[in-house]
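Participant: Here you go, one structure.
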Amino acid sequence: YRLTYYTPDYQVAETDILAAFRMTPQPGVPAEECGAAVAAESSTGTWTTVWTDGLTQLDKYKGRCYDLEPVPGESNQYIAYVAYPIDLFEEGSVTNLLTSIVGNVFGFKALRSLRLEDLRIPPAYAKTFWGPPHGIQVERDKLNKYGRPLLGCTIKPKLGLSAKYYGRAVYECLRGGLDFTKDDENVNSQAFMRWRDRFLFCAEAIYKAQSETGEVKGHYLNATGGTVEEMYKRANYAAQIGVPIIMHDYITGGFTANTSLSMFCRDNGLLLHIHRAMHAVIDRQRNHGIHFRVLAKTLRMSGGDHLHSGTVVGKLEGEREVTLGFVDLMRDPYIEKDRSRGIYFTQDWCGMGGVMPVASGGIHVWHMPALTEIFGDDACLQFGGGTLGHPWGNAPGAVANRVASEACVQARNEGRDLSREGGDVIREACKWSPEL
C-alpha cells in the first residue's frame, strides 16, 4: 500500500474531501503503511493487485494519505490525513459518503484502533446538499421569537403515560412559558400510547396554550417509525393537524430516511428536531469510532433544524472547547481551523442554513447563567427534571425556567458578567417570582 497510497508531497486540491483519522497501528506495523492502508481501503484499493486496475486511472480516483503527525502524549498513535477525489462520491448522499470513508476500513487487521476525527467538505460537494429544512433564521421568523435562547422540556416519565395525561403535561409546560415540549426518543407508537392519539392530544395542548399565552408553541412529535412509509404517514398527519415541528432519531433511523424526511419538512413547512440516540455507541471511545463533530457535520448536510449537542456545564474545560467547536460547525457559515477546539480543517458551508444546537441532560435553573453565556441566543435549552421536578408542579417549573432565562438575557444585555454574577442574577430574579 505504501508505494501507491502514501504521498507526502501531494498538493491537496480545493475539491478534495479531507479526512483526519486517529490511528493506532499494531506493534511492528509502520505508521506510513497503516496510513496508506486506510487511504486504500476507503477508496480504490483491495488486498492484492488486480488486472482491472489497468482499465482505470488509479491516479485520478485513489485516496491519498498525504500527512502523518504523532499524537502528543501517546506512544504509538498518529493523525493520518487522507485526501479523497470528489468524483468518488455521489452528489447529495451522506449515506454514500460515510459508506465510502468509514464503511470498510475499521476492521482492518493492521490497525489496533481507528477513529475518524474530522472531515473537510469542500464547497463543490457541500453545494450538492440541501442542508436543514429551514435553518435558524427562518425558525425564528416562524416562531416570532428573537433575542433569547429557546426553552424546551422533555415529558417524563418517558414511557407509560396515556395520551391524555401526556397531553396534559405538555399543556402545563407550554402554558407556564416554555416554547417547546418534546417526545422522548423512544416514544414511537407503543401499546400504552399509539402515535395518532398522542399527536391529537399534544395538538390540543399546543392550541390551548397558544390561545392563552399569545405565543407560538410547539411539541416535537416523534415521527420515527419502523418503515419509511410509516414515518411519512406520521409526518403527513402532523402537517395536516397544523403543528409546527416534528422529530426524528437520525442515527437509528438512518441517513437516507433522515434526508427524505428533511425534504418532506421543507416542502410542508415543518421544522425538524433531530435526536442523536445511539451516538455514544459510535463516538464515546477516544481511540475508536467516529467523533461527534463528524456526525454533526453530516447531519447538517442531511438536514435538521435542531440537533442535541451536549450541555458543556459541569464538564472538563477542554471538553468545553471541543463542544463549542462542533456547536460552531452546526450553526456558523464559515469556521476556521482551530486544533485547540478539535477543528482539523477550515470549513466553508457556502450559505447552507444553520442547525440550532440543543443543550439537554441534567440542566436546571442554576445552570442558566452558564448556558446563556456559553451558547448565546441561537440555542434551545432542553430541560426535563429541571422543569417537571418543581415541587409545585409542571407549570410553575416552566415559569421558573422562563424567568431565569429572561433574567440572564437581560443581565447579559446590561453588560454584567454572567460567569461571575450568575448566581446573584438568579437570586435577584427570585424576589419577583415565587416559582423560581
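Just so you know, glycine gets a Cβ as well, placed from its N, Cα and C.
Given the structure is predicted, the values throughout are model-derived calculations rather than measurements.
Residues annotated as active site, proton acceptor in Swiss-Prot, with sequence analysis given as evidence: LYS156, HIS275. Here Swiss-Prot flags ASN104, THR154, LYS158, ARG276, HIS308, SER360 as substrate binding site. According to Swiss-Prot, the Mg(2+) binding site annotation covers LYS182, ASP184, GLU185, on the basis of sequence analysis. According to Swiss-Prot, the N6-carboxylysine annotation covers LYS182, on the basis of sequence analysis. Per Swiss-Prot, the feature site 'Transition state stabilizer' maps to LYS315.
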Participant: Taking each of THR154, LYS156, GLU185 in turn, which of these recorded positions have a Cα lying within 10 angstroms of the Cα of HIS275 (active site, proton acceptor)?
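Facilitator: Of THR154, LYS156, GLU185, within range: GLU185.
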Participant: Counting across all protein chains present, how many other Cβ atoms fall within 10 Å of the Cβ of LYS158 (substrate binding site)?
Facilitator: 14
Participant: Spatially, and counting Cα to Cα, which of the recorded positions is closest to ASN104 (substrate binding site)? Options: LYS156, LYS182, GLU185.
Facilitator: GLU185
Participant: If you compare CA-to-CA distances from LYS158 (substrate binding site) to each of the binding-site residues LYS182, ASP184, GLU185, which comes out shortest?
Facilitator: ASP184
Participant: Neighbour count first, Cβ atoms within 10 Å, every protein chain included; then name which of ASN104, THR154, SER360 tops the list of binding-site residues.
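Facilitator: In terms of Cβ crowding, the pick is THR154.
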Participant: Which binding-site residues from the set THR154, ARG276, HIS308, SER360 come within 10 angstroms of LYS182 (Mg(2+) binding site), judged by C-alpha positions?
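Facilitator: Correct set: THR154.
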Participant: Anything within 10 Å of LYS156 (active site, proton acceptor)? Look among the binding-site residues ASP184, GLU185, ARG276, HIS308, SER360, comparing CA atoms, and list what you find.
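Facilitator: Taking ASP184, GLU185, ARG276, HIS308, SER360 one by one, the ones whose Cα falls within 10 Å of LYS156 (active site, proton acceptor) are ASP184.
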Participant: Relative to the Cα of ASP184 (Mg(2+) binding site), which of the binding-site residues THR154, ARG276, HIS308, SER360 have a Cα no more than 10 Å away?
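Facilitator: Qualifying among THR154, ARG276, HIS308, SER360: THR154.
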Participant: Tell me, which binding-site residues from ARG276, HIS308, SER360 are within 10 Å of GLU185 (Mg(2+) binding site) if we use the C-alpha atoms?
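Facilitator: Correct set: ARG276.
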Participant: Give me the count of other Cβ atoms within 10 A of the Cβ belonging to ARG276 (substrate binding site).
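Facilitator: A count of 23.
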Participant: In three-state terms from DSSP, label LYS182 (Mg(2+) binding site) for me.
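Facilitator: The residue in question, LYS182 (Mg(2+) binding site), is strand (DSSP, three-state).
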Participant: If we count other C-beta atoms within 10 Å, could you say which of the recorded positions LYS156, LYS182, HIS275, HIS308 has the fewest?
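Facilitator: Fewest other Cβ atoms within 10 Å, among the recorded positions LYS156, LYS182, HIS275, HIS308, is found for LYS156.
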Participant: Give the number of CB atoms, excluding that of ASP184 (Mg(2+) binding site) itself, located within 10 Å of its CB.
Facilitator: 18
